[in-house]
Structure formats: C-alpha cells, structure tokens
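> I'd like to ask you about the structure that follows.
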Amino acid sequence: MEKLTIRDIDLKGKRVIMRVDFNVPMKDGEITDDTRIVEALPTIKYAIENGAIVILLSHLGRPKGERKPEFSLLPVAKRLSELLGKEVTFIPELYGEIVNEKVKNAKEGDVILLENTRFDKGETKNDPELAKKWAELADIHVNDAFGTAHRAHASNVGIAQYIPSVAGFLMEKEIKFLSKATTNPEKPYVVVLGGAKVSDKIGVITNLLDKADKILIGGAMMFTFLKSLGYNVGSSLVEDDKLDLAKRILEQAKEKGTEIVLPVDTVCAQKIEAGVETKTIDIKDGLPEGWMGLDIGPKTVELFRNSISGAKTIVWNGPMGVFEIEDFSNGTKEVAIAIAEETSKGATTIIGGGDSAAAIAKFGLKDKVSHVSTGGGASLEFLEGKELPGIASIANKKKIEN
C-alpha cells in the first residue's frame, strides 16, 4: 500500500509537526556525528520552502522520562541552525503555555524544535493525552523518523489518531528500498547476514528463505550453524540452545531450494584485542580449544565474492567479524567492496542499519551502495515481514486524496 507523503499535501500556512530522528551520538555535550540531522534536512527544507510552520519532535538517548541535561536537544538546535542557515527556535519544554504562545506567533518558514520527547514518560507509553497535546499544535503530522518506526510511541503513532500523518522523504526512501527486498525482489537475490547471534536474525532468515536465492552467513552466528553440523568450533561464540533451530533452518532451506552458504575458513585468536597472535583455520579441520573465530577467512571471502557476483538484489545485515579491530576486519571490508562492485553494475543494494551501516561508512563505501538504512531495529523488523506501527499509522494514498 502506497503511503501519502509530504509532497501530496498543500503546506502553505499550515502548522506541521514533524517527527524526526535526531538521536545523534554525543560526547561532553558535543555532537560527534551529525549524519541523522543532515538526513532530515530535505524534508525540513521542503516544508519551509512551501510556506509551512515547522515544529520538530525528536528523542535523544534514553532519559527514561526524566529531564536530564545531558540528553537535552539544545546542541542539536544549534547544529540544525547552522545546517539550515537560519535560526531554529529551541523551546526547552514539550507542551504548555510557552510552547502554545511560540507556535501561535510563528510565521511561515519558521522552525521550532521542542525538547527531547522522552523527557515525558508518556512518549514511550504512547500516552493519548500527550499525543493530543502535540496534535493540537498543528494541522498535519509528518513522520520522517524511520529509526523509531518499529516503536508505537506518542510522537509517531499516537499523534496520528488526532491529525493526518504523512511520510517525509527519508521515511519514503526507507519504505521504497526495503520493500524491494521483501516484495518481488529482482533475481538473483542474495542476502548476507552477520553479527553475533542467530536469535537476532531468525525472523529475517525465515521470512527471506522463500524469497532469496542465496543466504550467506558470516559473523559469530556462523558458529552456531557450523556446530549444528558437527564441526568443532573451539571457543567460538555459540548459542547452544539454538543448535536444533540452526539445523532446522538448514533443512528448510534445502526443501525450499535456497542455498545457504557457510564459511569454509576463519581467522582465529585467543583474545578479542588488537595485536594478538592470529591463525587462519579451515572449518573442516576444527578449531583448537581456547581459539575462537573472529572473522571469515580468505577462502570464505572468495566464496562469498563469487556468491555475490551477478546478483541483482543484495541485502546485507550484520558484519562478518569484529571489524572494529584491524586484524578481524578484512572479511567485512571485502564483502562491502563486493557489494559496492555489484551496485556499479546495476544491482539494488540495501544495507541494514546499525553495525553494517557503521562498517560501510568506515570503509568509505556509503555512497557506493543503493541504500543505507537509518534504522537498525526497524530495518530488521521490516525484513522480518512485520508491519511497523510507525509506518502503519501513516495515511494510505487513497485515504485523504480528493
């Protein structure tokens, strides 16, 4: 179902309350990475240029319903002012007299940022009273926070009970690309999964078994699969309570004709730290006790590169190893390069949020793939085939069009 977007509505003179994702990393009151603010700019600018009064809502961190100065959005307001080249009015409140007054006196093109939504306990509880207070400030709600789309909160879901909600450009882009991975993906379709735990990716594997041609498994989760097949994995991280499940997934894949590609070698060490002695060991030979696999090995890199080659749709979620440490970063880097190469040949490539997004940025390949998702948990749930509350609450195309 297509969703209404900010393009579909007349904004002139309208008060627009916009849920953005300004949950940026901070250190000592300074923003260390403003990517999320930059990504919200196109929607904010569009609203300003089309004569709207813009009221922005965002959370930052997890203050758990308490006013904590280190979670204030004041530094965000300053950075946003610089990026927009115009003053952003910051109000250190969420509702009440001061907020009502400022909004009432605002002119077309003005931008107001309210304080951290999570300073009120009602935000994460999706409190209808809180949602109503925000809805009363505006004519229309714009949801541009994909990162919280898997949460039903007052600022993204509750508010849509009172005023119409439409998607911002970032939300629209996320839905468009992630839908390509879950609905009629162009074939061959290859899914690359990594990260530590099978349990985090069960939903994705199960949902994509029917759709993908190949699923490549790296990261620490590979050892649960390998152990389920009887291989000796030494002291590698294994979810022993998921061994039967891993075996079942491999059997299901066989039945469905989906190829699951498991690593054939691994880079091992006795400790997870830089500068330690490393060994590359073939999986068939088994890992000695005390040694753990911390990256895919060179033979696996080659195997994965060949599997990725020629794909028309690629989804990648989760690193191949402990990529933050140089000695264990090669697998993740090589997979990132292989995916970038296929993108240049016309493949649609989608990188799940979180660690994979951090990895692709680290290796300077962010602009060499089709789409890097801004939401870790949200992109994972979308790929699991779940309906996300923050998307469900956005009006459908045919609903308010006339």
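Heads up, the Cβ atoms here are built off N, Cα and C, so glycines get one too.
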> Given that Swiss-Prot annotates Asp21, Phe22, Asn23, Arg36, His59, Leu60, Gly61, Arg62, Arg151 as substrate-binding, name the residue from Arg7, Arg79, Arg118 that shares the site.
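For the substrate site that includes Asp21, Phe22, Asn23, Arg36, His59, Leu60, Gly61, Arg62, Arg151, Swiss-Prot also lists Arg118.
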> Within 10 Å of each Cβ, count the other Cβ atoms, then let me know which of the binding-site residues Asn23, Ser356 comes out lowest.
Asn23
> Considering the binding-site residues Asp21, Glu324, Asp355, which residue's Cβ sits among the greatest number of other Cβ atoms within 10 Å?
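Compared across Asp21, Glu324, Asp355, the most Cβ atoms within 10 Å surround Asp21.
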> I want the residues beyond Asp21, Phe22, Asn23, Arg36, His59, Leu60, Gly61, Arg62, Arg118, Arg151 whose C-beta is within 8 angstroms of the mean position of the substrate site's C-beta atoms, in chain order.
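Neighbours within 8 Å of the Cβ centroid, excluding Asp21, Phe22, Asn23, Arg36, His59, Leu60, Gly61, Arg62, Arg118, Arg151: Ser58, Asn116, Thr117, Gly147, Thr148.
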> Please list residues from the chain of His59 (substrate binding site) whose Cβ is under 8 angstroms from its Cβ, counting only those at least six apart in sequence.
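In sequence order, Phe22, Asn23, Asn116, Thr117, Arg118, Glu123, Thr148, Ser155 meet the Cβ cut-off.
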> If the substrate binders are Asp21, Phe22, Asn23, Arg36, His59, Leu60, Gly61, Arg62, Arg118, Arg151 per the record, what's the largest distance between their Cα atoms, in Å?
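Max Cα-Cα spread across the substrate binders: 18 Å.
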> Going by Cα-Cα distance, which of the binding-site residues (Lys201, Gly293, Glu324, Gly354, Ser356) sits nearest to Asp21 (substrate binding site)?
Gly354
> What Cα-Cα separation, expressed in whole Å, is found between Glu324 (ATP binding site) and Gly61 (substrate binding site)?
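Cα of Glu324 (ATP binding site) to Cα of Gly61 (substrate binding site) measures 23 Å after rounding.
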